[in-house]
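Trainee: After the structure tokens below, expect a handful of questions from me.
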Amino acid sequence: MSTPNEISSAPITPRPADKPPVSCPPSQYHSASMTRSPLLSGEQGGEGAPKSKTPKTPRTPLTSLTPRFMTPLGSPVRKALRATRFDPQDAWLPITESRNGNKYYAAFHTLCSGIGIQALVLPVALTILGWSWGVITFTLGFIWQLYTLWILIQLHESVETGIRYNRYLQLFGFTFGERAANWLAVFPIMYLSGGTCVALIIIGGSTAKTFFQTVCGPECAKQLTAIEWYLVFTCAAVVLSQLPNLNSIAGISLVGAITAVGYCTIIWGVSVAEGRLPGVSYNPIKAGTQIEQIFSVLNALGIIAFAFRGHNLILEIQATMPSSEKHPSRVPMWQGVKVSYTIIAACLFPIAIGGYWAYGHMIPSGGMLQAFFRFQAGNVSSFVIGMTCLFVVVNALSSFQIYAMPMFDHIESKYTSRFKKPLPWWLRAVTRAVFGFSCFFFGIAIPFLGSIAGLVGGIALPVPMAYPCFMWLKIKKPKTYSPMWWLNWFLGLLGMGLSAILIAAGIYVIIDTGIEVSFFKPH
């Protein structure tokens, strides 16, 4: 028996040599892709493709558009064709043009996107929730996130329909329709990608400035301004962004993962080793009125939700892996995720618990990185401070690449849909540079994004917490009133309710306490 066909593909219908293949590409984010990368065996008559010993039955022009399905999935796939069209452009787009990924690449990407600057604000939530409720809420949120991540991995490729959903928006659009995807999913997902890139420029540029000051010292003749350091970071990020696809940045993700683990360990390790600050209090910070206290607690929950982002990249990461009926991609993907999230837990929990133990209510709103520079600069050597800053900058550069890749994919899909050909290399370089410097512009225009972490967490919460539960109910259709039915309905409704409440709480806290709005005035 020949090599098993990939779930999302089928042998190409033979056509006369003088006629080009029919191409009917759909919108990139609103149709499920059913094509494979040319790198996979058996693709488009390549090496390893199944060969027939007998002539195939001639087909009429009407039926020539429908491929012959040689696997047991043929019947359900034919039914799925009524709602789905082929997308032959996957071989031209950065998410899916290379499908030689494996569980190690998946672990690198997941680890790099799962640990980041958002983890450093977790102790701020504990200053409001206190020890007991803070740890309980954080633990339950971590388990909830891991469960919905498992759901997305299982839904990436459907045995019932034979389709691979290579992007989060594809899966959401196929499940709930194009209109619902435009209204409910596009903004949170695009914000999680583009907004994170802006935040990374702010953090990376400001930390690069601190690194330079630490290494160079007061002897330096000239100090660059914050805007100039943002520009330096952006130029480095744009250069790295010229790598073509998600698999090509696996090494960068590995470096980013190592540096993330490194600076998290240094920050909480030094903070715990130096001991608690004098006068530390663990009593939850309470606002004036009861209404203010409620909204303050909800804002703390939004901060925790803000730390659990990265789900918008899971399907894209899994799309870089080959898949067949006997070897589905969900198996190595889940193996890589289990390893990466074990390491993520080993970083997030010590940061949250150790940071709160060391600083208590004295933790600034900027989180652990700001507390580390403020309280430990005189207790540790400049080498440790410089190494921490360097790790933060390198991790920010690496994370920029993986969070920007869905945006690159979306931009290039507009070109391929219109012109029916891949993006030229020079135009790809220009578009990625334009995206990078656009993020730079927003970074200097609104450098106070870190002050609205609770509001951002509320807006993005349905993507990792609620939507996957509803998609499982819609696609898998568990038995009514079964444990899985109750669990997904409960988590889905809870996630949507929390999102609405957290958005309102974030707005209230911003209005009540105020933020330092400094347009075009980065510090």
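Quick reminder: no glycine exception, Cβ is built from N, Cα and C everywhere.
Pasting the relevant annotations from TrEMBL:
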REGION    1-72  region 'Disordered'
COMPBIAS  51-68  compositional bias 'Low complexity'
TRANSMEM  104-125  transmembrane segment
DOMAIN    104-511  domain 'Amino acid transporter transmembrane'
TRANSMEM  131-153  transmembrane segment
TRANSMEM  191-212  transmembrane segment
TRANSMEM  224-243  transmembrane segment
TRANSMEM  249-270  transmembrane segment
TRANSMEM  339-359  transmembrane segment
TRANSMEM  379-404  transmembrane segment
TRANSMEM  425-446  transmembrane segment
TRANSMEM  452-473  transmembrane segment
TRANSMEM  485-511  transmembrane segment
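Looking at the shown structure, can you explain where the listed features end up?
Mentor: Residues of the same chain lying 6 or more positions beyond the ends of the transmembrane segment (131-153) and with a Cβ under 8 Å from any Cβ of it are 122, 125, 168, 171, 282, 300-301, 304-305, 308, 311, 314-315, 318, 330, 333-334, 337, 341, 345, 348-349, 352-353, 356, 464-465, 468-469, 471-472, 491.
Remote same-chain partners of the transmembrane segment (191-212), defined as residues 6 or more beyond its termini with a Cβ less than 8 Å from a stretch Cβ, comprise 116-117, 220, 223-224, 226, 229-234, 237, 309, 312, 369, 373, 385-386, 389-390, 392-393, 396-397, 399-400, 403-404, 406-407, 435-436, 439-440, 442-443, 446-447, 449-450, 456, 459-460, 463, 522-523.
Sequence-distant contacts of the transmembrane segment (379-404), counting only residues of its own chain at least 6 positions beyond either end whose CB sits under 8 Å from a CB of the stretch, comprise 109, 112-113, 115-117, 192-193, 196-197, 200-201, 203-204, 207-208, 210-211, 214-215, 233, 236-237, 240-241, 243, 246, 249, 252-253, 255-257, 259-260, 262-263, 266-267, 270, 274, 313, 369, 372-373, 432, 435-436.
For the transmembrane segment (485-511), same-chain residues at least 6 beyond its ends with a Cβ under 8 Å from one of its own Cβ atoms are 144, 147-148, 294-296, 298-299, 301-302, 305, 451-452, 454-459, 461-462, 465-467, 469-470, 472-473, 478-479.
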Trainee: Mind pulling out the one from 104-125, 224-243, 339-359 with the most Cβ pairs under 8 angstroms to the transmembrane segment (425-446)?
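Mentor: Per the Cβ under 8 Å count, 224-243.
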Trainee: Counting only residues 6 or more past its boundaries, what in the same chain has a CB within less than 8 Å of a CB in the transmembrane segment (104-125)?
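Mentor: For the transmembrane segment (104-125), the far contacts come to 134, 137-138, 199-200, 203, 246-247, 250, 253-254, 256-257, 260-261, 264, 267, 300-301, 303-304, 306-307, 309-310, 313-314, 317-318, 320-321, 332-333, 335-337, 339-341, 343-344, 347-348, 351-352, 355-356, 359, 363, 365-369, 371, 392, 395-396, 398-399, 402-403, 450, 453.
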